[in-house]
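The following features are taken from Swiss-Prot:
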{"type": "DISULFID", "residues": "Cys275-Cys385", "note": "disulfide bond"}
{"type": "DISULFID", "residues": "Cys303-Cys370", "note": "disulfide bond"}
{"type": "CARBOHYD", "residues": "Asn128", "note": "N-linked glycosylation site"}
{"type": "CARBOHYD", "residues": "Asn284", "note": "N-linked glycosylation site"}
{"type": "CARBOHYD", "residues": "Asn355", "note": "N-linked glycosylation site"}
{"type": "SITE", "residues": "Arg163", "note": "site 'Essential for the formation of the channel-pore'"}
{"type": "TRANSMEM", "residues": "44-64", "note": "transmembrane segment"}
{"type": "TRANSMEM", "residues": "87-107", "note": "transmembrane segment"}
{"type": "TRANSMEM", "residues": "215-235", "note": "transmembrane segment"}
{"type": "TRANSMEM", "residues": "241-261", "note": "transmembrane segment"}
{"type": "TRANSMEM", "residues": "391-411", "note": "transmembrane segment"}
Amino acid sequence: MSTSHGYRASWWTYILHQVPHTNFQFEVVDNQFAPQEWSYQQALLFLASIAGLCLAISLVLICVYLIKFCCCASQEDDDSKSHRVCCVTWSCVAAVIICCAGIGIGFYGNSETNDGVYQVTYSLMNANHTLTSINLLVSDTVELLSSVVKSDLTQLEEIFSTRTEFVVMIRNTRRQVESVAQQLTEISSFFWKGAELNPSALAEQVNFIEDYRWLAYILLLLLDLIICLFTLLSLAKQIKWLVIVMTVVSFFVLLLSWGSMGLEMATAVGLSDFCSDPDAYVMNQTQMITNINPDILQYYISCNQDVTNPFRQRLTMSQRALSNIHSQLHGLEREAVPQFPTAERNVLVVQGMLNTTEGNFHHLVALLNCRGLHKDYVDALKGLCYDGMEGILFLLLFSFLSALSFTAAVCSLPRAWKRFRNRDLDYDDMDEDDPFNPQESKRFVQWQSSI
């Protein structure tokens, strides 16, 4: 399980993580998240194929039911036929109601998944802003130090050329300034060693994929809702051609529902494998792609007292160098400037550089502290493994209810269609309890108009 401060894998993540992972040879494979390995990919595909098996079972049931309906319909007596007509109508209505409930669950799940992915992209952009700020702050400070070394310190050395003790102080100041610049450059190079670390590019890719995923599910949900409404309309108005169209469309949506269920099942299990221990995978992949020092990754991922700050030594050396520069400038201002008035401007420039560098240094120390980047990391995990996982599970439930509903609809609508064939000739065959009985509807309208 993850040891990141502020994140703990949820109970549904733990349950899904315990699902057996089996490859195509029916061999149990490791459930550690490893999407680049073929054996792990087989395990997820095997889980997705369960939905394909359910699709095959539903198709067999539909075929058996329709064959029985075609072969045995003529053998039914009037009482049995009337009873079955009412059952068929109510079964269609029940299937539509269940499908509408599933659609509501699907809208909620799609929104939760989108919120989780948005949290991931937002955290990645925050982390990218922090890293970019570190890089810009270091580069600006190093550039400022270099300009002072090349101009003002060189001029001071020329001004104090007749006084050896002042020249020594200037050269010591130069070495301290160069030491600070070197330490800051090394700190910055830790984040951009090898390939550039660019969380914003990852955030853009994730956001691009999420936009299309969200839109696809919205279209699927709206399609299901439209089918439910037109199915109710066809039953209420007893429109034969509309019932036929809804039967055909329901069959194709049935295929989509089982297919989306397989995709969601594999995604949920794969995400649970990642969320059960995200630190190891994130460290391995980040180090492999960017070649960052493992100690730095461990520092920001864990962010606890057991992990030492890898920048502490260089920050301490830089702080000491800045203190030495401050002392030497104070000595020059007290002893050298009264004797060399022309050096006052250069000393003040170096003093201003020192003040700016100290401000940048304190800002850099705050940015390098693990709390900021670790918070972004934990927020991304919470968005993906809490909201994202919950949304996928609700989408999985939606697909399952939708598949069951459309299976029932495909079985029931043909019988309802046959029932409409002779409705103008004989209304006596209709059950009085039928909610879509035309005579009952007509009597209800007449009763309403008489009030």
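Even glycines carry a Cβ here, placed using N, Cα and C.
Its own atom aside, the Cβ of Cys303 (disulfide bond) has 20 Cβ atoms within 10 angstroms in the protein chains shown. When the C-alpha distances from Arg163 (site 'Essential for the formation of the channel-pore') to the recorded positions Asn128, Cys275, Asn355 are tabulated, the minimum falls on Asn355. Mapped onto three states, the DSSP output places Cys303 (disulfide bond) in coil. Each of the disulfide-bonded residues Cys275, Cys370 was scored by the number of other CB atoms within 10 A of its CB, and the lowest score belongs to Cys370.
Considering only the recorded positions Asn128, Cys275, Asn284, Cys385, the residue whose Cα is spatially closest to the Cα of Cys370 (disulfide bond) is Asn128. Every protein chain shown contributes to the tally, and the Cβ of Asn355 (N-linked glycosylation site) ends up with 11 other Cβ atoms within 10 Å.
Each of the glycosylation sites Asn128, Asn284 was scored by the number of other CB atoms within 10 Å of its CB, and the largest score is that of Asn128. Panel annotation: around the transmembrane segment (44-64), residues 19, 21-24, 254-255, 258-259, 261-263, 265-266, 269-270, 403, 407, 410-411 of the same chain, lying at least six beyond its termini, place a Cβ under 8 Å from a Cβ of the stretch.
Taking only the Cα positions, the spacing between Asn128 (N-linked glycosylation site) and Cys303 (disulfide bond) is 18 angstrom. Distance from the CA of Asn355 (N-linked glycosylation site) to the CA of Cys275 (disulfide bond) is 46 Å. Looking only at the recorded positions Asn284, Cys303, Cys385, the one with its C-alpha closest to Asn355 (N-linked glycosylation site) is Cys303.
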